[in-house]
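According to Swiss-Prot, the features are:
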BINDING   28-35, 94-98, 148-151  GTP binding site
DOMAIN    19-261  domain 'tr-type G'
MOD_RES   H596  diphthamide
Amino acid sequence: MGRRKKIVEQCERLMDNPEQIRNIAIAAHVDHGKTTLTDNLLAGAGMISEDTAGQQLAMDTEEDEQERGITIDAANVSMTHEYEGDDHLINLIDTPGHVDFGGDVTRAMRAVDGALVVVDAVEGAMPQTETVVRQALREGVKPTLFINKVDRLISELQEGPEEMQERLLSVIGDVNELIRGMTEEKDDIEDWTVSVEDGTVAFGSALYKWGVSMPSMQRTGMDFGDIIDLERSDKREELHEQTPLADVVLDMVAEHFPNPIDAQPRRIPTVWRGDADSEIAESMRLVDEDGEVVLMVTDIGVDPHAGEIAAGRVFSGTLEKGQELYVSGTAGKNRVQSVGIYMGGEREEVDEVPAGNIAAVTGLKDAIAGSTVSNEEMTPFESIDHISEPVITKSIEAQNMDDLPKLIETLRQVSKEDPTISIEINEDTGEHLISGQGELHLEVQTQRIERNQGIPVTTGEPIVVYRETPTSDSQEVEGVSPNRHNKFYITVEQLSDDVLEEIRLGEVSMDMPEQERREVLQEAGMDKETSQDVENIIGRNIFIDDTKGIQHLNETMELVVDGLTDSLEDGPLAAEPVEGALIRLHDARLHEDAIHRGPAQVIPATRDAVHRALIDADIRLLEPIQDVRIDVPSEHMGAASGEVQGRRGRVDDMYQEGDLMVVEGIAPVDEMIGFSSDIRSATEGRASWNTENAGFRVMADNLQREIIMEIRERKGMKTELPESITHF
């Protein structure tokens with residue numbers, strides 16, 4: 001029997017025993033060694049050769065991943081590991097580390113119960129480390145820590161036992177500070193922090209395949225002195241044989257990560273807001289393989305032979321070929337064509353996948369990342385809220401008009417596979433817009449369209465995504481319908497930062513129970529009366545109905561919301577989305593005859609009123625910003641900080657870390673386009689840097705008019721602003 005077939009059979013045998021299952025993700029900052037570590041785990045499980053582990057990068061299956069040397073797509077694999085006499089099934093997802101592909105990390109966290117956070121011993125916790133820890137904790141996923149590249153402390157930095165211990169404890173302290181800061185409201189904070197003593201921290205070198213933890217040192221009798229001696233003597237093979245990395249890490253996974261039976265009762269209330277007393281809730285809590293089928297789709301991929309593959313977590317029931325299942329948000333049922341598990345880049349079909357496992361399913365043609373799939377209609381899972389959002393846009397056109405239909409179909413597929421990509425299709429002009437997390441994100445997607453689909457495309461220069469926001473409160477504005485028979489009286493106020501943050505994080509929505517929504521809004525600072533009158537949440541804005549007993553308003557309210565939505569999707573400055581507005585409807589006068597208060601009357605009246613109220617509330621343009629961190633030798637520190645400041649940026653901190661200086665600051669995304677080549681040139685290639693999207697800020701008044709005019713011209717709008725705009 002082939003090795004691969006044997007492993008698949010072992011996995012199938014363990015699938016029915018959720019106590020022996022561990023669903024985990026490996027997550028880290030870019031280049032901290034996740035995929036090299038995953039190679040070691042695959043070799044330890046007998047899935048690839050130990051000789052090639054670390055160089056094979058078996059989970060980076062796409063050509064561009066191998067070329068660039070980074071993980072772009074999250075990749076799944078199932079493996080087995082024996083721990084304390086019991087076989088365990090480990091379903092592992094290797095996630096990207098580059099900030100532009102953070103959406104894959106967010107989606108992976110919904111499918112797993114444990115996150116193995118990898119940190120470079122030399123660099124320490126970095127911006128994306130903080131992001132992945134935050135993503136894990138928001139999803140109720142327990143972290144453990146692997147500190148990688150310890151060999152560099154010994155061989156490159158020549159650190160002794162005391163210096164090493166100090167540095168490693170500093171890394172652990174930084175990670176625990178992140179965990180504590182994000183779990184303040186949990187009662188079991190100590191259960192979430194990691195420590196050497198309890199075995200939730202391991203150290204080692206993924207490149208040289210050795211690792212240690214407190215339990216492994218107690219078992220083998222090795223200490224850090226022995227490790228330093230063997231590493232300095234270049235006896236790395238002996239070190240690997242005495243304390244192999246895969247055993248140390250997989251033992252930690254089996255011992256400290258929860259199995260689905262322990263995890264699901266705790267996680268279900270976090271990710272699902274349905275009736276907690278229902279049969280389906282009980283079935284998910286119990287991980288009941290005989291219950292109703294419930295699958296949460298976390299990823300969509302395309303196989304050239306099998307078509308679309310939906311990957312996700314089976315929370316209840318058993319998935320089988322031929323089942324007819326509902327997909328949330330769509331009509332009718334989809335028929336399951338096949339079910340399987342992942343073996344790195346390949347999918348292995350199996351007869352069934354029971355609750356508690358991660359499955360690969362074909363036939364769910366209507367599913368997208370975030371879909372709830374079930375054999376009975378049910379309350380869907382909470383949407384997967386991505387921490388970052390699109391900040392860069394490019395136009396994309398087919399070079400040959402014959403390819404236009406295929407390009408449109410491909411773009412729609414791209415946005416289905418990657419929800420952090422936003423697509424705007426204009427079938428009239430043939431020019432389409434693709435928006436993503438950064439330059440690399442868009443570059444990878446456009447190259448894949450050309451390479452995988454064979455469509456030559458032309459892309460425009462990167463364009464930054466802007467927003468509009470009120471900066472004060474407006475006077476009451478009257479909106480009048482074209483027939484003069486309907487009037488609406490509206491004001492606009494600023495939403496507080498805390499309320500806006502709750503909306504951005506998905507903590508408050510119209511999908512949640514009304515009482516719960518009120519409580520969240522009041523905790524964020526909204527007064528009780530206002531929280532009780534929330535009529536709708538439109539994007540990142542809140543609509544309050546302050547009216548009392550207006551005749552015919554109930555049957556007209558849907559049109560009022562449509563008008564508000566129109567006005568907020570295209571703000572009055574540059575037709576950019578509006579955020580941070582609280583719109584109040586104070587009064588209305590409606591014609592008694594429904595034919596005179598239809599869409600053509602109500603929508604323009606409310607849209608116009610909101611736009612004029614926004615202008616009166618001193619609406620301004622918001623620009624996206626990025627946190628910037630540059631690690632550079634001290635002689636180039638001035639050049640590095642100059643690169644940030646010369647881009648309308650601000651340097652917030654400069655400090656020494658090891659033999660390098662660290663420059664930390666903030667800069668507008670628009671000015672950071674082309675930063676890579678400029679920072680290399682300014683520092684003679686000696687700098688390493690990281691950027692992370694940090695939301696939006698109000699653009700300086702002296703730049704507002706110029707940028708607004710550029711946007712309006714690009715969109716084919718009039719290049720003069722309404723006369724009433726006088727606040728900048």
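Placed from the backbone N, Cα and C atoms, the Cβ positions cover glycine too.
Around the Cβ of T95 (GTP binding site), 28 further Cβ atoms fall within 10 Å across all displayed protein chains. Sparsest Cβ environment among the binding-site residues A28, D31, K34 (other Cβ atoms counted within 10 Å): D31.
When secondary structure is read from DSSP and collapsed to three states, A28 (GTP binding site) falls in the strand class. Under the DSSP three-state reduction, T95 (GTP binding site) is assigned to coil, being neither helix nor strand.
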